[in-house]
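**Q** Pasting a structure below so you can have a look.
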């Protein structure tokens, strides 16, 4: 079985692209490890006694209240939500690479506070700052991966981010199991402090990796983009394949900018609203599958179900999570995003209904709230279906939510829209983490749902099925620019998207009217060392708001198109938007020859049939 079919126009070795994407996924390991660590820490006997403020459980043991547990667990998600919304400030100003480095240092500060803590307030502050770093990384890492990956391997490379998350959760379970019996601060400081080692590896490695070529094009540095892409693809900067790919990215970006400037409000306007909704719903529903209930509160859940050595049992779903993700990431570019998301939701829905039914019918509760197990075999079967649910999640919704959202958005809005969709993930992550103790636990002010909470997750999975069928487009085998074109086709339905093929090349559409005004957008001036950077960033043609009259055609000294070939892109004609194939083209614009000659490729591309 051939998992990947390389397009004929894709040249050079791919191992560098894959290695870069996998290494950057270490940012996901930080998230996964932190998620898995807190589940075990709040269940450790020494930690509960050491951090207790006087609360005792129904057996008289010192511990923390449901409110304290909710705050400790969920404060990470508050920080991540803020961090992901702030990611464009780093990703667009410092760049994707330096943004990841700074984010890792923010995470380190939070970890140091947690390690130093001996009371709940400092621990909570540490979790907030660690969450801030994780939130920044959760938006910047998939952004970096998607902007450097070949289109026919993008699912595998971005999927490595979720694989790293699962590995982090498993490592946390292993370390927690090794330290939970210690009767000193090492029981929680060792598993928390180990995160500094993972972060240090990411920080050091990022100093040796290139900036993404799409970011450099956005900043007007075509020469730098050529060097970056050549380094990633292991080719010469002036090779035909490199310059052809860059030319399409640049022309697409110029077309986007010709339609107006980029702002947060633009992400919710007509044309972008549908894609913004899709990304936000996908990330929200990923949380409502209920997977984080297992990893945040799984240790306590297994204990309540009558299972002995709950720390050891909690390693089983963590291991299933990793084992299921490894083969799955190789399938995204073979079978596509849409069918895997659809059938993954079906599998999760069935498993959640079974777990809820088994837990509700085979356990009881005393008047004091103690859980009694009526059928231990049924409880073991319930754990089995929990693992099957995690298998379905890890193979589909876990990684594919990150893959799809990293592909949805155009370059002009990509960092902003990806930050919003990622923040949606963390917002509902926080809501679930904070509310779960109140929904599950026994006592005044709590809903005491226990296993019935799985019915909530089951209904949410049922909604996932409906959402995928009507809103998720198939994007495998398409470049980010081709995906942008597909989403602007007004007649295309999600169920027919797998048959869609690109209809036009942006680089073959001549630029006829663009206003060049660098000061209006804050873009850096084009240096003399980058004569080919066109950076057409504003398009308020003829409005005179900036006191500069529009300049038609190319700037006199700027061009990076081969002689005799149509260059850049044109503004949409009045009353005519997409599809590009139906737009009438004006005569090719004649421009000076580029310093680097590129052979024209005029045939439209088709999907890579993996």
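Glycine is no exception: its Cβ is also placed from the backbone N, Cα and C atoms.
Quick paste of what TrEMBL says about this protein:
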type     : residues : note
TRANSMEM : 12-33    : transmembrane segment
DOMAIN   : 20-476   : domain 'Major facilitator superfamily (MFS) profile'
TRANSMEM : 69-91    : transmembrane segment
TRANSMEM : 98-116   : transmembrane segment
TRANSMEM : 122-144  : transmembrane segment
TRANSMEM : 156-176  : transmembrane segment
TRANSMEM : 188-209  : transmembrane segment
TRANSMEM : 279-299  : transmembrane segment
TRANSMEM : 311-333  : transmembrane segment
TRANSMEM : 340-361  : transmembrane segment
TRANSMEM : 381-405  : transmembrane segment
TRANSMEM : 417-440  : transmembrane segment
TRANSMEM : 452-472  : transmembrane segment
REGION   : 517-610  : region 'Disordered'
COMPBIAS : 517-535  : compositional bias 'Polar residues'
COMPBIAS : 581-610  : compositional bias 'Low complexity'
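Give me the local environment of each listed feature.
**A** Long-range contacts of the transmembrane segment (12-33) within its own chain (CB-CB distance under 8 A, at least 6 residues past either end) are made by residues 6, 80, 100, 103-104, 107, 133-134, 137-138, 140-141, 144-145, 148-150, 153, 156-158, 160-169, 171-172, 194-195, 198-199, 201-202, 205-206, 209, 231-235, 241.
Long-range contacts of the transmembrane segment (98-116) within the same chain, counting only residues at least 6 positions beyond its ends with a Cβ under 8 Å from a Cβ of the stretch, are 24, 27, 30, 79, 83, 87, 90-91, 122-123, 125-134, 136-137, 140-141, 144, 189, 192-193, 195-196, 199, 202-203, 206-207.
Within its own chain, the transmembrane segment (188-209) has Cβ neighbours under 8 Å at 20, 23-24, 26-27, 29-30, 33-34, 37, 40-41, 44, 46-47, 97, 100-101, 104-105, 107-108, 111-112, 114-115, 130, 168, 172, 175-176, 179, 182, counting only residues six or more beyond its boundaries.
Long-range neighbours of the transmembrane segment (279-299) within the same chain, counting only residues 6 or more positions beyond its ends whose Cβ lies under 8 Å from a Cβ of the stretch, are 35-36, 38-40, 43, 73, 169, 310-311, 314, 317-318, 348, 352, 386, 389-390, 393, 397-398, 401, 404-405, 408-409, 417-418, 420-422, 424-425, 427-429, 431-433, 436-437, 440, 453-454, 456-457, 460-461, 463-464, 467, 471-472.
Long-range contacts of the transmembrane segment (340-361) within the same chain, counting only residues at least 6 positions beyond its ends with a Cβ under 8 Å from a Cβ of the stretch, are 289-290, 305, 328, 331-332, 378-379, 381-382, 385-386, 388-389, 391-393, 395-397, 400, 404, 450-455, 457-458, 461-462, 464-465, 468-469, 472.
Within the same chain, residues 66-67, 69-71, 73-74, 76-78, 80-88, 91, 131, 135, 138-139, 142-143, 264, 267, 272, 275-276, 279-280, 282-284, 286-288, 292-293, 296-297, 301, 401, 405-406, 408-409, 446-450, 453 sit at least 6 positions outside the transmembrane segment (417-440) and bring their C-beta atoms closer than 8 Å to a C-beta of that stretch.
Listed by sequence, the residues of this chain that lie at least six past the ends of the transmembrane segment (452-472) yet keep a Cβ under 8 A from its Cβ atoms are 277-278, 281-282, 285, 288-290, 293, 337-338, 341-342, 345-346, 348-349, 352-353, 355-356, 359-360, 397, 404, 436, 439-440, 494-495.
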**Q** Below 8 angstroms Cβ to Cβ, which residues of this chain, lying six or more residues outside the transmembrane segment (381-405), approach it?
**A** 142, 154-155, 158-159, 161-163, 165-166, 279, 282-283, 285-286, 289-291, 294, 302, 305, 307, 313, 316-317, 320-322, 324-325, 327-329, 331-332, 337, 340-341, 343-345, 347-348, 351-352, 354-355, 358-359, 362, 418, 421-422, 425, 451, 464, 472, 475
